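A.B. asks: Heads up, here are the entries from TrEMBL:
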| type | residues | note |
| --- | --- | --- |
| DISULFID | 40-281 | disulfide bond |
| DOMAIN | 374-762 | domain 'Ionotropic glutamate receptor C-terminal' |
| DOMAIN | 381-445 | domain 'Ionotropic glutamate receptor L-glutamate and glycine-binding' |
| BINDING | 456, 461, 628, 629, 679 | L-glutamate binding site |
| TRANSMEM | 501-519 | transmembrane segment |
| TRANSMEM | 577-599 | transmembrane segment |
| SITE | 606 | site 'Crucial to convey clamshell closure to channel opening' |
| DISULFID | 691-768 | disulfide bond |
| TRANSMEM | 788-812 | transmembrane segment |
């Protein structure tokens with residue numbers, strides 16, 4: 001709103017000698033008390049007029065202050081006050097417009113849905129306009145609980161016998177109303193709506209365009225208006241001309257009326273000076289704006305339309321008049337203007353009507369002519385045989401987009417037609433020999449009049465036959481398999497950290513372990529008495545050996561702890577820092593591990609045409625052997641496409657006779673090493689039905705499908721014979737122009753878009769959509785976690801191996817010390833190991849082979865001799 005007001009000031013000041021200056025204050029929505037305080041401060045500085053705010057309740061409060069001080073006040077809400085200028089249409093005029101639509105649509109009964117009591121005035125006026133013989137009206141309030149949940153009321157409507165609905169409500173609730181109505185199931189072909197909200201054009205309507213519900217509304221301005229486009233660009237919509245071609249527009253009525261209010265003030269200041277005198281509204285002073293009443297009276301006398309967005313502006317009292325409503329309708333192509341309404345002429349329909357089949361004279365008629373039309377069968381979705389238990393013949397045996405297109409054209413132009421299967425050879429033209437093949441040949445030699453299929457308009461073909469304007473735009477694209485889930489890696493549990501992090505973690509582990517070892521030896525407190533019973537020990541021992549340091553660091557890293565407890569302050573400091581470090585690292589690892597194990601990133605061999613041209617990943621490609629796609633590569637000057645053409649020429653085995661053959665080849669290719677080049681529309685159709693395939697990259701070119709027909713000179717040759725027989729003077733037969741005009745009408749009316757949606761997204765589709773709605777969450781398989789099991793098995797195996805080797809070394813040393821045979825020592829030690837009944841071991845026992853050895857036998861005499869010697 002600030003940008004709108006500032007831009008409106010820029011436009012207005014172009015013709016003003018004394019430029020307008022914008023002062024603004026932000027007020028929390030609905031906070032009338034704060035709004036009052038800020039308005040009073042602005043009045044003390046001096047203001048000429050007031051615009052806003054957006055809150056209706058705050059606006060009503062501020063109007064009374066401005067009226068007391070004779071300050072002109074302008075606003076744009078659907079409420080009325082005698083104290084200010086409202087540029088918004090009066091409720092009575094909106095009621096008259098809705099009444100005109102109801103009369104034109106001949107609704108004999110309908111449901112009137114309203115948001116709150118302020119909208120009941122519209123219903124009262126409509127009923128007054130009908131008089132005593134009005135229709136049956138069911139009145140419901142959709143926001144009955146004031147909690148934003150309208151579904152209980154909408155379900156009542158679904159159960160009702162009425163399917164004609166008039167809805168009036170604010171721009172804040174209307175988008176949510178439409179969303180919930182679609183969820184409940186009352187936005188479909190069975191329901192017709194009239195939306196009494198002037199911001200309907202600014203809503204996000206993409207999800208309702210193909211609902212087939214008839215939705216009509218009103219708007220005050222068209223997005224095609226030059227000043228509207230300029231404002232959109234000023235607001236940052238840099239691509240306004242392209243982005244809003246479907247009739248929608250982000251400019252709301254409040255924005256447009258704010259813009260127009262500035263133009264109205266500016267026009268008035270050209271004739272009446274407006275002094276911004278300081279005023280005090282906090283006391284009981286009687287000070288008012290000088291010439292404020294004069295300014296207001298002059299505003300009431302103005303009639304302007306220059307530089308406004310919403311058309312003509314003049315006032316009857318404080319009620320704005322002069323505007324014209326566009327009657328708009330939501331169609332598959334977007335918002336389409338179907339009529340206008342103003343107070344003088346009421347509703348005037350401007351809907352494009354089907355062309356009549358009855359013409360004034362023979363010169364302009366196709367009535368009763370019969371055309372032979374070629375189809376390519378089977379070629380879904382353009383043409384295919386009807387699946388029926390009955391035997392069908394003639395035109396009834398075919399269905400598809402092309403068949404329906406011919407029916408629509410026949411209804412408009414009044415001709416008859418016979419459908420014939422022309423095969424899959426669309427044909428080509430040889431300029432040198434002046435010969436053609438396929439469908440082109442059939443048309444040139446007079447055996448057919450038209451060809452309606454996915455026939456691309458090319459310069460080569462246009463030398464042989466004429467084409468209508470394109471009824472569908474497309475480009476060559478790449479059909480390939482969707483990115484596949486990569487097979488789980490054995491050590492996928494290491495993915496949460498990069499390789500660099502793992503290396504630095506290992507270095508940190510070794511560095512900290514070394515710190516414990518060094519600090520443990522340097523710190524006196526870490527040297528302990530191994531025998532606490534001896535007060536003056538001969539030696540001290542340190543617990544932080546190399547192995548213990550590594551063990552302590554490992555226990556902290558794995559958050560399991562150990563029996564070692566540091567005592568010195570320096571060692572405890574290092575331990576604390578290491579614990580904090582491991583806390584963060586383990587937490588980060590755990591958080592990332594869940595994502596890495598449950599979310600598998602899809603991978604693909606190719607991502608664009610450059611990858612395909614380089615045969616990245618061993619992917620080969622092909623196209624239909626004959627046709628516009630193959631010709632595109634044969635005639636292209638682009639180095640990439642020349643290289644691809646050379647590849648396809650050298651490898652004809654990758655070319656196919658039909659697009660369907662190429663589609664099946666991509667789907668069934670092993671290791672996903674085949675891609676197919678075909679029209680983007682055919683790819684869109686197939687990918688809606690085969691979930692494993694998708695379009696790769698952008699389209700390589702831009703072209704269109706057209707209806708092929710004989711050239712005018714060939715047609716005239718036959719017509720001359722007919723003229724001679726009938727003795728009728730015939731100037732020409734411009735049926736090409738008639739077909740073009742009919743196609744334009746179908747496009748403007750949204751029929752072509754509706755037909756494409758039907759045959760591409762509805763008939764036989766929905767398979768991939770239902771699969772996409774399923775949850776992606778799935779349980780982890782063994783492939784995801786086999787790496788950690790490998791680590792466990794390898795670690796346990798190494799520990800077991802180390803234990804066995806250590807035990808063997810121990811037994812060998814013990815046998816050597818006691819001078820016993822190695823076999824006897826191993827036998828005794830092994831028996832002890834497998835004796836699970838005891839967990840203690842006697843060091844000296846008569847049953848042990850070590851006790852019977854000489855080295856282990858010590859007599860009393862020997863002990864006495866040794867003691868005497870020691871003394």
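The first residue you see is number 1, and the count goes up from there.
Cβ coordinates come from backbone N, Cα and C, glycine included.
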A.B. asks: Please report the Cα separation of residue 456 (L-glutamate binding site) and residue 691 (disulfide bond) in Å, rounded to an integer.
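C.D. replies: Between the alpha carbons of residue 456 (L-glutamate binding site) and residue 691 (disulfide bond) there are 27 Å.
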A.B. asks: Mind checking which residues of the chain, 6+ beyond the ends of the transmembrane segment (501-519), have their Cβ under 8 Å from one of its Cβ atoms?
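C.D. replies: Long-range Cβ neighbours of the transmembrane segment (501-519): 494, 526, 544-546, 549-550, 552-554, 557, 566, 568, 570-571, 574-575, 578, 581, 585.
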A.B. asks: How many whole Å apart are the CA atoms of residue 461 (L-glutamate binding site) and residue 281 (disulfide bond)?
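C.D. replies: Just about 80 Å between their Cα atoms.
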A.B. asks: Can you tell me how spread out the L-glutamate site is, meaning the largest CA to CA distance among 456, 461, 628, 629, 679, in Å?
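C.D. replies: Value for the max Cα separation, rounded to a whole number: 17 Å.
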A.B. asks: Determine, to the nearest whole angstrom, how far the Cα atom of residue 691 (disulfide bond) is from the Cα atom of residue 281 (disulfide bond).
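C.D. replies: Cα-Cα, rounded: 70 Å.
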A.B. asks: Going along the chain, which residues six or more apart from residue 629 (L-glutamate binding site) have their CB under 8 A from its CB?
C.D. replies: 456, 476, 623, 677, 678, 679
A.B. asks: At a 10 A cut-off on CB-CB distances, which of the recorded positions 40, 281, 606, 691 has the highest count?
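C.D. replies: Answer returned by the neighbour count: 606.
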A.B. asks: Taking just the CA atoms, what is the gap between residue 606 (site 'Crucial to convey clamshell closure to channel opening') and residue 628 (L-glutamate binding site) in Å?
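C.D. replies: Cα of residue 606 (site 'Crucial to convey clamshell closure to channel opening') to Cα of residue 628 (L-glutamate binding site) measures 24 Å after rounding.
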A.B. asks: What Cα-Cα separation, expressed in whole Å, is found between residue 628 (L-glutamate binding site) and residue 40 (disulfide bond)?
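C.D. replies: Roughly 73 Å, rounded to the nearest whole number.
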A.B. asks: Other residues with Cβ within 8 Å of the Cβ centroid of 456, 461, 628, 629, 679 at the L-glutamate site?
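C.D. replies: Counting only non-site residues, the set is 426, 454, 455, 457, 458, 627, 631, 632, 703.
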A.B. asks: Have a look around residue 679 (L-glutamate binding site) and count the other CB atoms within 10 A of its CB, chains all included.
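C.D. replies: By my count, 24.
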A.B. asks: So if I draw a 10 Å sphere around the Cβ of residue 628 (L-glutamate binding site), how many other Cβ atoms end up inside it?
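C.D. replies: Around residue 628 (L-glutamate binding site), other Cβ atoms within 10 Å: 22.
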A.B. asks: So if I draw a 10 Å sphere around the Cβ of residue 461 (L-glutamate binding site), how many other Cβ atoms end up inside it?
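C.D. replies: I count 23 other Cβ atoms within 10 Å of it.
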A.B. asks: For the domain 'Ionotropic glutamate receptor C-terminal' (374-762), what's the model's average pLDDT?
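C.D. replies: Taking every residue of the domain 'Ionotropic glutamate receptor C-terminal' (374-762) together, the mean pLDDT is 78.
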